[in-house]
Amino acid sequence: MGWSRKDLLHIEDLPAKEIQLILNTAKPMKEIMSRAVKKLPTFRGKSVYNLFFESSTRTRTSFETAAKILGADTSSLAVAQSSLNKGETLLDTVRTLQAMKPDLVVIRHSSSGAAQFLAKELKAGVINAGDGQHEHPTQALLDLYTMQERLGSVEGRKILLVGDILHSRVARSNVWALKNLGAEVVLVGPPTLLPPEIKSWGVKTTFNLDEELPGSDVIMALRLQLERQQSGLLPSLREYSQLYGITAERVKKTGKQTLIMHPGPVNRGVEIESSIANSSQSVIEEQVTNGVAVRMAIMYLLLGGGTAHVVD
């Protein structure tokens, strides 16, 4: 099948066939990353703008690297350096950007729906790199790619998402993506860090991590923002780690070679024990590599690649 979308804004309504097209397109992209010369002429002359109104060196660098390998010109706008600090609205920024005639815009913003607003106003394609607590579609796609690469398929696989579900756009996007591909998703976290609407997500929810460990194929620990303790949502980081930290003892309870994942950056000793983060079952570094390949695939499709065929 071909690709007809102008933007990639969310995963929730993305059909399984389109998800799989992105993942299939990422395979040759990853091979390109292993070449001595990591550069394609595919999108020479195309311009990609990164608008990061939230700080994220890892994600921004991943997108920049992906665009450069594809041969596109990249420009980045960090909020601290932008006119927004002088009272300029997002709409003003959009109009200024439109005048620069970009081909593709990547946006990360603290407000849910910011990427959708941008897509409606711009002729250029838009990629959502995270909007508020709404979604983070490219993270879910790179997570899926990593799981498929290791497991072959996620259909029927038991996937645990552990931690701060309430504030996690990564969790939301992963739930939609994994459900679309037939995985068994279990959300695990303290009651104070589960969203009130979670029953409508259609997946199992529990406060007890240890009960769900047996038979799990993937454990994805979510980043815990340390300010959650200060806001009273957690009694202490020590207690959180005791109840929800991924330790060697807990990994043994799975009874299999369970994959250990994390969107990063990791709070070692809180979300994941260092020995587990560094173990052979951890695919955290693979997620970083696969993130570039998946973002290359998305850019390739949005900029006119249209199919999984890659031009050498």
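The backbone N, Cα and C atoms fix where each Cβ goes, glycine too.
For reference, Swiss-Prot has these:
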type	residues	note
BINDING	Arg58, Thr59, Arg108, His136, Gln139, Gly264, Pro265	carbamoyl phosphate binding site
BINDING	Lys86, Arg169, Arg223	L-aspartate binding site
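Of the chain residues outside the carbamoyl phosphate site list Arg58, Thr59, Arg108, His136, Gln139, Gly264, Pro265, Ser56, Ser62, Ala129, Gly130, Val170, Pro263 have their Cβ within 8 Å of the site's Cβ mean position.
Cα of Pro265 (carbamoyl phosphate binding site) to Cα of Arg223 (L-aspartate binding site): a distance of 7 Å. For Arg223 (L-aspartate binding site), the same-chain residues lying six or more positions away in sequence with a CB closer than 8 A to its CB are Gly163, Asp164, Ser168, Val170, His262, Pro263, Gly264, Pro265, Val266, Asn267, Glu271. Taking the binding-site residues Gly264, Pro265 in turn and counting surrounding C-beta atoms within 10 angstroms, the largest count is reached at Gly264. Under the three-state DSSP scheme, Arg108 (carbamoyl phosphate binding site) falls in the strand class. Here the binding-site residues are Arg108, His136, Arg169; the one with the fewest Cβ atoms within 10 Å of its Cβ is Arg169. Comparing Arg169 (L-aspartate binding site) with Gln139 (carbamoyl phosphate binding site), their Cα atoms are 9 Å apart once rounded. Binding of carbamoyl phosphate is attributed in the record to Arg58, Thr59, Arg108, His136, Gln139, Gly264, Pro265, and the widest Cα separation among these residues amounts to 17 Å.
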